[in-house]
Amino acid sequence: MAEQRSDVISWDEFFMRVAFAAKLRSKDPNTQVGACIADTDHRILSVGYNGTPHAITDEAFPWGDSDDPLNDKHSYVIHAEANAILNFRGSLKDMQGATVYVTLFPCHECAKLLVQAGVGEVVYLDDKYAGTMDNLISKRTLDSCGVTYRKVQMPHGLS
Ligand SMILES: O=c1ccn([C@H]2C[C@H](O)[C@@H](COP(=O)(O)O)O2)c(=O)[nH]1
Ligand SMILES: [Zn+2]
């Protein structure tokens, strides 16, 4: 009888790899973010990454930081989590209690969107803005709304 495989990746690893693949599509030179939303039956509901509104071309887009909001990328980028919610083609009731896998801890604006979309859990890879005001607001929002969050374990790595 064939031996059973012992190195099968977990659901957490699988969905985080999907989120990681999504972030590879991002044109942001500084921070690429991917998000994958999976339901409680381990089905992928949607995927997104941080990018421009569809009619704005990469060439026309200011991909840098600037004190001038007109020339600052943050004024224009749609966040990975927002794109994942917008890309979802099903009914929002199917997203109740879903888990979002994100390569970067969600900002406070995304935290609000995820709560309102019904997501019940956030699993993140990196929390590089931990301790910033935005990050504290995000965590307070999630805590207040009963959305749990945890850092993913990737025993097989990401390659
Ligand atoms: O919740 C989040 C927070 C940020 N992003 C995106 C938005 C930007 O494209 C980058 C952040 O750029 P920095 O140069 O690190 O400020 O990440 C997101 O998709 N989701
Ligand atoms: Zn965000």
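Cβ atoms are placed via backbone N, Cα and C, with glycine included.
As given in TrEMBL:
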DOMAIN    10-144  domain 'CMP/dCMP-type deaminase'
BINDING   His79, Cys107, Cys110  Zn(2+) binding site
ACT_SITE  Glu81  active site, proton donor
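For His79 (Zn(2+) binding site), applying a Cβ distance below 8 Å and a minimum sequence separation of six or more within one chain yields Val33, Asn50, Pro106, Cys107, Glu109, Cys110.
Shown in sequence order, Val33, Ala35, Gly48, Val100, Val102, Pro106, Cys110, Leu113, Leu114 are the residues of the chain, 6+ apart in sequence, with a C-beta less than 8 angstroms from the C-beta of the residue listed as 'active site, proton donor'. The local packing around Cys110 (Zn(2+) binding site), expressed as other Cβ atoms within 10 Å of its Cβ over all shown chains, amounts to 24. Secondary structure at His79 (Zn(2+) binding site), taken from DSSP and collapsed to helix, strand or coil, is coil. Apart from His79, Cys107, Cys110, the Zn(2+) site neighbourhood in this chain, defined by C-beta within 8 angstroms of the site C-beta centre, holds Val33, Ala80, Glu81, Ala82, Pro106, His108, Glu109, Ala111, Leu113.
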